[in-house]
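Student: The following feature annotations were taken from Swiss-Prot:
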- D30: active site (ACT_SITE)
- N82: active site, proton acceptor (ACT_SITE)
- D30, E221: Mg(2+) binding site (BINDING)
- 31-35, H51, 79-81, F83, R85, R202, 208-210: substrate binding site (BINDING)
Amino acid sequence: MSLALEQATLIQENLPQGNSLPRHIAIIMDGNRRWQRKHEQFCQKRAISGHRQGADSIPQIVDTALHLGVEALTLFAFSTENFSRSKSEVAELFSLFNSQLRSKLSFLHDREIRLRCIGDLSKLPQELQNNIEQASSATAHYSRMELIFAINYGSKDELVRAFKELHQDLASKKISVNDISEELISSYLDTSGLPDPDLLIRTGGEMRVSNFLLWQIAYTELYVTDVLWPDFTANDLLEAIKTYQQRSRRGGK
């Protein structure tokens, strides 16, 4: 048994019994750049050393969520606003995404995890679009867990794109005004077919949701930790889930 799996088993044994697990966990992976500044004497002098370290944290969290029985895990990797960063930093981030998609494909196959990417993928470099399409297609038949990366994602942008498509369907009489409902609007979103997140975790201590899944988190439990994303471990995920299980979810009632 791998060390990560041993840790996940220990975590499962220590969770409160009889309390429900979140079906869908979403994480705002914040704190990569602050981690880099904190460790700059040990880091390579590159703009995204913190992001590389953060990428190394992902497999442990995915393994833990999978072992616990979480159905969907959504990770906020790159926002629409991140395009305002320097061209060199953005280019390095896209290079990192490409290398991670290629190197981690066997990880997904071994665990039978389905990959999905949400956001306006049309604005990404063509090589990255191709790698996303290939990895998504190669894992589309898996059902143990769905791993969703939000790349060039912003919730307002998602809603604008959804409403444009909905308007086109109204104009072509594919749907009528009377068909419009919360469920119909949800079906036009990038997250169509996924349950809404039960738990949203934000690392790095900032108290905001940063234009992430605004429609979907209407009744989601929020958990903020000061731990920076590269330092976030399975034990930190356990603490978030324990806190979630201690809350009474009322769905706005």
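In case you wondered, yes, glycine gets a Cβ from its N, Cα and C as well.
Looking at the shown structure, what environment does each listed feature sit in?
Tutor: With a cut-off of 8 Å between CB atoms and residues at least 6 apart in sequence, the same chain places R202, T203, G204, E206, S210, L228, W229 near D30 (active site), listed in sequence order.
Long-range C-beta contacts of N82 (active site, proton acceptor), restricted to its own chain and to partners at least six residues apart, with a cutoff below 8 Å, comprise V90, L93, N152.
Sequence-distant neighbours of E221 (Mg(2+) binding site): residues of the same chain at least 6 apart with a C-beta under 8 Å from its C-beta are P22, D198, L199, L200, Y244, R247, R249.
Take the CB of S79 (substrate binding site) and look out to 10 A: across all protein chains shown you find 20 other CB atoms. Secondary structure at S79 (substrate binding site), as computed by DSSP, is strand.
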Student: Cβ atoms within 10 Å, counted per site: which of W35, R85 has the most, among these binding-site residues?
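Tutor: Most Cβ neighbours within 10 Å: W35.
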Student: Looking only at Cβ atoms, how many others are within 10 Å of the one on R33 (substrate binding site)?
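Tutor: Here the count is 18.
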